[in-house]
């Protein structure tokens, strides 16, 4: 591979970053995958698979591993960032001085800025300036299924229409991976953050043993909270009926591949927060997302009772069953009321 002819550089060699890199490479593109740990990258290069997360999926020949950040960023104008939300800004500040002058940035990170609850678009603008084209991909995607080539669909939103079309062309595969362009840049970002919170709640409900009716009610009312917060930010309500909203929400709330759901189930069964996190063994994005979404909702004056009760369990020591009973005991309301 010539140092300047990769179609995409992927920043983040965890399970999802690796799965996206495999998908791009499987489409016939040269892809560079960078990770912060040189030993991990060396292992990936030696094994030609991500044995820790995706052991049964060999790397295509066009997937190239790189531990030197400058070399990785020189390889392509298009950069796909796939890192946890709490280090998103830090990573962007790290890559900025090494990016090409014609660089374009897309992320698959789901969440908001740690502590502030800011949208990742605002974090990106602050770190990289106003001129660089930005994009986000989001939707119901478990890394294992994506890497295996099982049918998957996502939403893609970008600040520049040409960038959106270019990304759709790179990612879309008629056999297994459908990429839908959505003009709602805010909504596509927000759905991925809120769904992680609601998935913890769905897991709690199942861990308590409340059954399918309760889980479905929680998912539905969680979608209401997502849409309510989105409306306050100027998002299009229809976005939350698509892949980045309802699609991702249903997947994460109902399948045990979801770390957020499994984490919530453990809490519902009586395990404490730290022990549940330790047992999961990987980042549980919804843990941080809950605090971030709550901060954003309070700043905008949006009532999100499910999010609030999950916050009380995660950060204030409330028992999951007590949180559920608080929600069930709320005053009678019109289904379409704003609170």
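One is the number of the first residue shown, and numbering goes on along the chain from there.
Glycine too: its Cβ is placed from the backbone N, Cα and C atoms.
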With 139, 141, 195, 248, 258, 259, 260 listed by Swiss-Prot as sn-glycerol 3-phosphate-binding, which of these, 110, 175, is given for the same site? 110
Using a 10 angstroms cut-off on Cβ to Cβ distances, just flag whichever of 36, 259 is the loneliest among these binding-site residues. 36
Neighbour count (Cβ, 10 Å) for residue 258 (sn-glycerol 3-phosphate binding site): 23
With a 10 Å radius around each C-beta, find which of these binding-site residues (143, 283) has the fewest other C-beta atoms nearby. 283
At the level of the C-alpha atoms, what whole-angstrom distance separates residue 15 (NADPH binding site) and residue 141 (sn-glycerol 3-phosphate binding site)? 11
CA-CA within 10 A of residue 110 (NADPH binding site), subset of binding-site residues 141, 195, 258 in residue order, equals 195
